[in-house]
Amino acid sequence: MKVISAVLLVAVFWSQEWKSTLSDSIIHIGAIFDESARKDDEVFRLAVADLNLNNEILETEKITISVEFVDGNNPFQAVQEACELMNRGILALVSSIGCMSAGSLQTLADAMHIPHLFIQRSPAGTPRSACPPTSRVPGTDDYTLMVRPPVYLNEVIMQVVSEYSWQKFVLFYDSDFDIRGIEDFLDSTSQQGMDVSLQKVESNINMMITSLFRTMRVEELHRYRDTLRRAVLFMSPATAKAFITEVVETNLVAFDCHWILINEEISDYDLQELVMKSIGRLTLVRQMFPMPQNTTQRCVKHNHRINTSLCDLKNPKAQQLEITNRYIYDTVLLLANTFHRKLEDRKWHSMASLSCIRKNSKPWQGGKSMLDTVKKFGVSGLTSFLEFTDNGTNPNIFFEILGTNYGEDRGRGVSRLATWDPVHGLNGTLTDRKLENNMRGVVLRVVTVLEEPFVMVSENVLGKPKKYQGFSIDVLDALSNYLGFKYEIYVAPDHKYGSLQPDGQWNGLMGELVFKRADVGLSALTITPERESVVDFTTRYMDYSVGVLLRKAERTVDMFACLAPFDLSLWACIAGTVLLVGILVYLLNWLNPPRLPMGSVSSTTLYNSMWFVYGSFVQQGGEVPYSTLATRMMMGVWWMFALIVISSYTANLAAFLTITRIENSIQSLQDLSKQTELPYGTVLDSAVYDQVRSKAMNPFERDPMYSQMWRMINRTGGGDNNVEESKEGIRKVKYGRFGFVWDAAVLEYVANNDEDCSFYTVSNNAPDRGYGIAMQHGSPYRDIFSQRILELQQNGDMDILKLKWWPKDSPCDLYSSVQTRQRGSALDIHSFAGVFCVLAAGVVLSCLIAMVESWWSRRKGSRVPSKETQADGPSARQAADPCSHNPSEHPLALGGQTQNQTPNTANTTAPTATHYQPPACCDIPCALIVQHSFEPTNPSELTPKMRMTTFTTSPPTPRTIRRSTWSTYTAGLTACAPRTKAPTSSSPPLPSI
């Protein structure tokens, strides 16, 4: 009983003491903290104690406080505790809780007109997410002030990722993070085409990693390691440290990884631990508070001195301050300055205790004035400067971006890379300035496979290391000169690129990298999914496509190339046409004999007609005139036909002799796949072999062209048409009928440098892969090499290296099967050998005919006269040969006149004609000279003319000589002697004109 009385006495005494204190102090602040935020309560009380000692701000007034702790996920409890505080007569409410309970307190504060200073607190130190807006009654004032600035994590991380030029990365978030807070960031990455994967990190990280190893195959784990090279962590520092430790110990990340951790709550202590536990490159984004470095300036703010344990950077307690602690201290300082300005108005605190339960409870009348005063002024404190805008938010927030460089050493130094604020954005650069020099002193072991023109031996001196050259060697030298590393190079033991063996092991160059015997693999190495599953590749430094090497069709020596413009059937038709037209001309003249002029002697025999038609066809003319209309019509059409044929022949002959066109039926990979006459193959178990097989047999990427190629390549299990090395395939093409399917770049180099220019290539113009530099899985140098390769491509240095090995002015035509050489070449003897042969044959045939004619003439001339002819004497011979007479026997021979003929002197201008009737000389050639003379008025203008007409057998008839304006028309026989008698010297000379 005595104990109970004592307890009651103490309770009454405490109640009286509290009422007296409350009556003496007019400044009463209520606070509601999350039950896990005991440090907030400690800083809150420390701030009140500092201000109660400062007489310049509150003078004689003191601040009294009431603190309640609630469950952050229980809004009902938060409202209940807030109502209890309002019943005690608080002038302002300070809360440090989550968004769920803050929404209920905001509604209560608006109803009761109590200024509510809300400091958002994220659960378990995870990154903040923006609180959802609270539904408010229209027209009412918002009495809740957001002490912490709005969440800008989406904007900051988007700019950081863009600066790093990331296109693919994974985003890890812990179980306490509200994923709705990064919806804007995910929308932005999707709009920019970034590939972002989301993965939740469970609280039991060890179990999560173990399940990955248990459920994933080796290839899937390699791909998962590749995705972990670029990662963004939205998690608390404690979770981040545990997660990084676990993935490093399980070898899920390599030294070339780059992770970004973003969280406003990262202390210096957390920063050092994260750097110690991570490998590769680490970038951290956290909120910063611009403060002077001088301790005095940091701790003294206007008329208030902050507790040294909170502002001195050397103090361990100050180093462990959380962001909410800083804002709580500055909130109390801001309220104290507000109360200082309101001390002159004593009506603002005279109010009755507010009750949240009664319906007719009225709000505080001085709440609006107090709220306006808080918004109007700001204060300098631990958060640099705290103030509010008209909408009740704090606009002052700054981020700093810290980072390390790539490296294997843990505990590397951290430097500030850039800063960010909502007004100026990013200030600084995120490029690693030491990237180009961080490989100084590094010696890389490079494995290669000889493949022209990528890697070739340039010097092989006994006792000295081999020296290499080639396009890939030039690229490696360019990287070495820029990054500062050195290298040792050797050839793979089996001289193969490597493939997966039945026992699950890799051989060749790939095996050297998989078994860590080499650091870098370099040659004509293509990037394939199978290879990427076990090694790392840089970005491609040259495009890759499949091609085929073929031997050009050899030019055969055609002696009758001059006949090439026309087909044999066309030549036969032309020959037949000549014969047919010759026969038709002969028949037309035979049916209607032409009238020949005086002195024209012609014979319309079949031989002459044929000769005339042939001469006109070859544009050489003819001597047999045809005057009938039918014959002229026939010859006009024939001349038109001959003109067209000769012109066409001339044009085609020029094209055939000046332009070399080597046609080949294989002009593309499709043509190669459709034919079966020419065998073709590739290197067994190579990347080309696997590519053809994959596109032929994989149902998801099946290509009919590759299916047909695979049937040829895989004939008899691939042993017939495939080779062990590329050089063997090139030799088979050069010395046999074979098509070698291989890298188009290699084949172009081989065709360019062939001495005989006997190769041509056909390739697929659409590159689907590329050549890359292979490295060990998890190599820290991959990104460094890739970045430098991109720089070489952008500034044009890579193109210069390509032109060194694939020049544009190549002496050989690589595409002669599909292209025509534009410039004609000089004609050689082979092109005209047939013409010379025809000429030689004509000469030989003419000589033979001349010999036969000579023999026949001698035989006919030496024929012995018969006995009847000898008995008859000269008269009989003259009868047998009517032309055996002397020229003097003819009265008009050699232009002479008969005795009975007198010239016409009466009319000298009238033409006179004397007709000569020679005997019918059958086959003795004669020449008739017809002299034309004029007798004009002026004898000096006498113009003599002479015309000789040669005829064979028929002399001119009298009717062929007509009257004209000739003054004199004389005819004389110059030679009409018998074959056995030549003209004598006593023959009178030709008359002069």
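Each Cβ is built from the backbone N, Cα and C atoms, and glycine gets one as well.
Those TrEMBL annotations? Automatic predictions, nothing curated.
Annotation comment: TrEMBL describes 443-808 as domain 'Ionotropic glutamate receptor C-terminal'.
According to TrEMBL, the feature transmembrane segment maps to 568-588 (among others). Within its own chain, the transmembrane segment (568-588) is flanked in space by residues 604-606, 609-610, 612-614, 617, 626, 628, 630-631, 634-635, 638, 641, 645, which lie at least six positions past its ends and keep a Cβ under 8 Å from the stretch.
Feature annotation from TrEMBL assigns transmembrane segment to 600-617 (among others).
If you look up TrEMBL, you'll see 637-659 (among others) marked as transmembrane segment.
The annotation site 'Crucial to convey clamshell closure to channel opening' is assigned in TrEMBL to Ile666.
The Cβ of Arg693 (site 'Interaction with the cone snail toxin Con-ikot-ikot') has 16 other Cβ atoms within 10 Å, all protein chains considered. As annotated by TrEMBL, site 'Interaction with the cone snail toxin Con-ikot-ikot' applies to Arg693.
Annotated transmembrane segment per TrEMBL: 831-856 (among others), in sequence order.
According to TrEMBL, the feature region 'Disordered' maps to 860-913 (among others).
Per TrEMBL, the feature compositional bias 'Low complexity' maps to 897-913.
As annotated by TrEMBL, region 'Disordered' applies to 938-962 (among others).
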Query raised in the report: Across all chains shown, how many C-beta atoms besides its own are within 10 angstroms of the C-beta of Ile666 (site 'Crucial to convey clamshell closure to channel opening')?
Result: 21
Query raised in the report: Cα-Cα separation of Arg693 (site 'Interaction with the cone snail toxin Con-ikot-ikot') and Ile666 (site 'Crucial to convey clamshell closure to channel opening'), in Å?
Result: 22
